[in-house]
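**Student:** I have a structure here, written as structure tokens, and I will follow up with some questions on it.
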Amino acid sequence: MKLKGSFKAPGDKSISHRIALFSLLGKGRMQVNNFSPCADCASSLKAVNLLGGEAHIFGDMLSVEGALGEIKDSRVDCGNSGTTMRLLMGLLAGRPGEFCLDGDESLRKRPMQRVADPLRQMGAELICEKGNAPVFIKGKELKACDHTLSVASAQLKSALLLAGLQARGVTTVREPAQSRDHTERLLTQCKAACNGKNGTWQVAQSELDLPERYWVPGDISSAAFLITAALINPDSRVMAEDVLLNPTRIGFLKVLLRMGADLKIEQQGNHPEPWGRVTAGYTPKLEACEIMAEEIPLMVDEVPILALAASQARGVTIFRQVGELRIKESDRISAICSQLSALGVDIRVKDDDLLVTGPAKLKPVAELDSFGDHRIAMTLAIACALAENQANIKKMESAAISYPGFQDALNGLMA
Ligand code: S3P
């Protein structure tokens with residue numbers, strides 16, 4: 001199956017969430033171009049409006065009004081979105097009022113204790129029975145903390161920084177390994193007192209000054225599926241245009257380069273974040289490699305699609321310490337192992353490492369299961385395109401959680 005041409009992925013999901021949610025702590029009116037149309041960001045927009053903010057979407061343009069001080073007691077349905085829930089936990093912990101954050105079946109299984117515990121140290125009042133949603137919050141006056149994160153998680157780090165913006169004193173958050181830094185960048189762009197380097201971040205009490213205009217670069221995590229598809233399908237060459245190139249998000253591109261991929265990364269701008277073009281061409285001789293534990297947070301959402309790339313590489317690719325993937329929208333380790341095995345890939349788990357041996361010739365199957373997880377669904381769709389196999393992928397519609405136009409974009413490149 002040959003893929004040719006250029007495409008633009010929708011606006012970055014992580015950045016879009018933050019823009020919408022931060023308006024609750026900001027003042028001013030903001031016009032945002034290329035806001036993500038995905039279902040997860042729709043959950044954040046719904047939350048903002050319920051909580052007293054004002055966010056209106058017109059196509060991919062978002063108009064948002066700062067709602068500082070206007071937060072209303074609410075019960076918020078965060079849908080499938082861990083980012084919405086975890087960032088709101090930090091954001092609401094210091095606002096006067098009573099709130100309940102709930103979500104779908106998948107979100108109700110995901111760990112919230114890791115966010116609730118450090119927030120409680122700051123004086124927050126949160127109840128999440130057995131560490132899961134629904135999360136009940138009673139806003140309190142917060143005091144600053146100095147906290148070392150138990151895991152390298154951008155959602156956890158962001159929750160604490162957002163609470164720190166409302167706390168007395170200077171809050172310090174230390175990361176065990178670097179994770180995506182969109183919160184820190186956006187807080188600085190909103191003129192908050194936020195500084196840091198080498199994985200240590202500090203915030204002090206601040207109101208956010210929303211920039212008048214903001215453009216969201218394309219989502220590199222969505223583009224990853226089509227970039228990888230081009231690398232493993234003969235005669236393919238695709239270009240991802242206007243895509244986010246933030247160094248904390250392109251770990252998977254660096255790994256693919258190590259595997260010998262025909263990839264070109266051209267940075268074309270640095271504002272509001274590094275962005276540019278990625279060109280990917282079919283690479284018949286991908287080589288296996290080892291991916292170290294500290295690299296995983298920089299490519300945490302791309303492990304499923306990279307596992308598929310590894311299945312086409314010569315040798316054993318080892319992903320070290322991927323346990324965090326078990327608590328994403330699904331148990332992604334178990335999902336990717338069962339589904340790629342069904343397709344004939346030699347893939348196994350040893351301790352917390354994932355081992356993929358290639359190259360594998362994928363075999364046709366009648367049905368695959370995404371387990372309702374968007375990133376698994378899209379990985380399986382690319383695997384089926386490679387195998388020229390029309391398998392039924394259960395809950396394929398979950399792709400819309402991050403990439404509503406995925407199937408059309410794939411079809412467009414295959415035409
Ligand atoms: C995200 C952080 C990551 C990632 C998720 C989005 C964010 O989660 O998997 O898709 O926008 O902060 P963790 O912080 O749990 O690693």
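Counting begins at 1 with the first residue displayed.
Glycine residues also receive a Cβ, built from the backbone N, Cα and C atoms like all the rest.
In case it helps, TrEMBL gives these features for our protein:
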type	residues	note
DOMAIN	2-410	domain 'Enolpyruvate transferase'
BINDING	LYS13, SER14, ARG18, SER153, GLN155, ASP301, LYS328	3-phosphoshikimate binding site
BINDING	LYS13, GLY82, ARG110, GLN155, ARG332, ARG375	phosphoenolpyruvate binding site
ACT_SITE	ASP301	active site, proton acceptor
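Help me understand the surroundings of these features in the structure.
**Tutor:** Under a cutoff of 8 A between CB atoms, and with a sequence separation of 6+ in the same chain, the neighbours of SER14 (3-phosphoshikimate binding site) are THR83, ALA154, ARG180, HIS182, SER221, ARG249.
Around ARG110 (phosphoenolpyruvate binding site), taking its Cβ as the centre, 19 other Cβ atoms fall within 10 Å, counting all chains. In the three-state DSSP scheme, ARG110 (phosphoenolpyruvate binding site) falls into the coil class.
Counted within 10 Å of its Cβ, the other Cβ atoms near ASP301 (3-phosphoshikimate binding site) come to 23, all protein chains included.
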**Student:** Out of these binding-site residues, ARG18, LYS328, ARG375, which one has the fewest other C-beta atoms within 10 Å of its own C-beta?
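**Tutor:** Counting other Cβ atoms within 10 Å of each of the binding-site residues ARG18, LYS328, ARG375, the minimum falls on LYS328.
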**Student:** For SER153 (3-phosphoshikimate binding site), which residues of its chain lie six or more apart in sequence with Cβ-Cβ distance below 8 Å?
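**Tutor:** Looking at Cβ-Cβ distances below 8 Å from SER153 (3-phosphoshikimate binding site), excluding near sequence neighbours, one finds ARG114, SER179, PRO297, GLU324.
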**Student:** Could you state the CA-to-CA distance between LYS13 (3-phosphoshikimate binding site) and ARG110 (phosphoenolpyruvate binding site) to the nearest Å?
**Tutor:** 19
**Student:** Of the binding-site residues listed here (GLY82, ARG110, ARG332, ARG375), which is spatially closest to ASP301 (3-phosphoshikimate binding site) when Cα positions are compared?
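**Tutor:** Checking each of GLY82, ARG110, ARG332, ARG375 against ASP301 (3-phosphoshikimate binding site), the shortest Cα distance is to ARG375.
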